[in-house]
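**Student:** Dumping what TrEMBL says about this protein:
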- 16-40: transmembrane segment (TRANSMEM)
- 18-504: domain 'Major facilitator superfamily (MFS) profile' (DOMAIN)
- 52-71: transmembrane segment (TRANSMEM)
- 83-101: transmembrane segment (TRANSMEM)
- 113-134: transmembrane segment (TRANSMEM)
- 141-159: transmembrane segment (TRANSMEM)
- 205-228: transmembrane segment (TRANSMEM)
- 240-259: transmembrane segment (TRANSMEM)
- 280-302: transmembrane segment (TRANSMEM)
- 314-334: transmembrane segment (TRANSMEM)
- 341-359: transmembrane segment (TRANSMEM)
- 371-391: transmembrane segment (TRANSMEM)
- 482-503: transmembrane segment (TRANSMEM)
Amino acid sequence: VLTDQTNLALPLAQRLLIFTSLALVMVVSTMDSVIVAAGLPTISAALGAGSAASWVPGGYLLMSTACLPLYGRLSDIFGRKVVLCFALALFTVGNLLAGFAKSTVQLVVCRGVAGAGDGGLVSLAQIVIADIVSLRERGKYQGIVGGFIALGFALGPIIGGTVSQRVGWQWCFWVTIPVAISVMGIVAFALPFKRVEGNMKSKLLAVDYPGCAMVLGGCVLVILPITWGGVSFAWNSAEVLAPLISGIFLLAVLCVWEWRGASLPIIPMYIFKVKTVAGVFIAMFINGFIFFSSIFYIPQFYQTAHQYSPLESAMLLIPLLVSQMAASWVAGMIVSKTGRYCTIIYTGFGLYALGNGLLSMVTPSSPKAPAVVYMVIAGCGTGMTLQTTTVAAQASVERQDVSVVTSFRNFVRLLGGTLSVTVGSAIINNSMQSYASHVLRIPQILIERILRNPLLLSMTHGSGLTPEQATSLLEHGYTAGFRAVFIMNACLAGMATLVALFMI
């Protein structure tokens, strides 16, 4: 029997101190997940990483995604405080060592350690909020937290680009450490320790080790080949198909084990029978897919079409993220005041579909002002659906299942984001490949070079194309692919609206 770790009787001052520390957890977690993006060229040059540089953010995201589903159940067994402090310690040590890395391999390994810690931060913060705040008040607190998530995404590329150029690339990893250590101290002393029943031996025996191993192995075997496909290896190559098929098989075995074999499953299969929970999982997979697609391809579009620097293009995301922050806060306040969240979720996904549909109309010759308005609309849609779905899922299950539902909800969102970059890249590359080979008759070796680095289209020298070819490929190849990505995103948001209407 799991120990109920709810503690709603905390004094207001103590609750606010804990909540502030959890909000900072959200900021450092989301900021750290994107901070490398703007500083990656500097890091690559310093370590001579070359094409292996993509593994620096890739390894982090892989470990964060794979470890995320584990933290909910582990916090039930060992206690919220212990597991949250462990995740923060792992995150801090990984980033500390990353700054001292002397080779690309060392850096990738250290960032993988940090990612393993990061996988638990957001989920555990949301779980602790559910422990110390009543369901009626939870919307307000989760809404504010959603704003801090957006703040972290906004600050990450800006801080990463600034410190890597002016201070040193090591500070991309060290800048979050003081905050993480401070938060660890607050959590250790301010968060009440509600003793979980059983001694250490019984707790260790309660862990679903086969389930943990299959979650980690299955996620790695599925995510890796998806990121390789069409980039490092052909989609029909053995290097992609062998691990992908093995991973799918392992995840199928995991489902059977969690359903029939595990006494305390990491992912209890019965939660999928709850219609609202299943609807939230589908909707948040789509939410993550669209969001990460947007924060990757909007900056790339402006770097490619307008020669913006990574820092300048990251600044363009501020309208999207600030509107997301504001909408999340307002939505949370409305939920706490009215106790209703369904209408907000429906409206949010509708706005998300509208914003992405409008973004699909942006071209290299479009003025920036309309694009900013479109991003604000999309950002409001994201903010209205981000934390309200957390409240919806938590309100639909028994107290003992809140932790695993919260963790899995965040897992499917991050999984959607991981897949979105690969799918978007395939769409844009296919568009450029088709136009370059069939219309412009550009040699295949040159096409492959441009596909690896679309920014060459904006360079006067070094692309190997004539100015006319580069302009034509940008307008009819790259832009057509960009348009297709956001049309797809709009359709997915429309699908999420229907899922929300009929399931949440």
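Yeah, the Cβs are placed from backbone N, Cα and C, and that goes for glycine too.
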**Student:** Quick one: find which recorded stretch in 52-71, 83-101, 240-259, 371-391 has the most Cβ pairs under 8 Å with the transmembrane segment (314-334).
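**Tutor:** Comparing 52-71, 83-101, 240-259, 371-391: 371-391 has the most Cβ pairs near the transmembrane segment (314-334).
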**Student:** Which sequence positions outside the transmembrane segment (240-259), separated from its termini by at least 6 residues, show Cβ-Cβ distances below 8 Å to it?
**Tutor:** 208, 210-211, 214-215, 217-226, 228-229, 233-234, 265-269
**Student:** Are the transmembrane segment (141-159) and the transmembrane segment (52-71) close enough to be called in contact, which here means at least 3 C-beta pairs under 8 A that are separated by 6 or more residues?
**Tutor:** no
**Student:** Do the transmembrane segment (16-40) and the transmembrane segment (83-101) share at least 3 Cβ pairs under 8 Å, sequence separation 6 or more?
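**Tutor:** These two segments touch.
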**Student:** Cβ pairs under 8 Å only, please: of the recorded stretches 52-71, 83-101, 205-228, 371-391, which one is richest in them relative to the transmembrane segment (280-302)?
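**Tutor:** Maximum Cβ contact count belongs to 371-391.
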**Student:** By a Cβ-Cβ criterion of under 8 Å, what residues six or more beyond either terminus of the transmembrane segment (205-228) are in contact with it?
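**Tutor:** Same-chain contacts beyond the ends: 58, 62, 65-67, 69-70, 73-74, 77, 198, 239-244, 246-248, 250-251, 253-254, 257-258, 261-267, 415, 418-419, 421-422.
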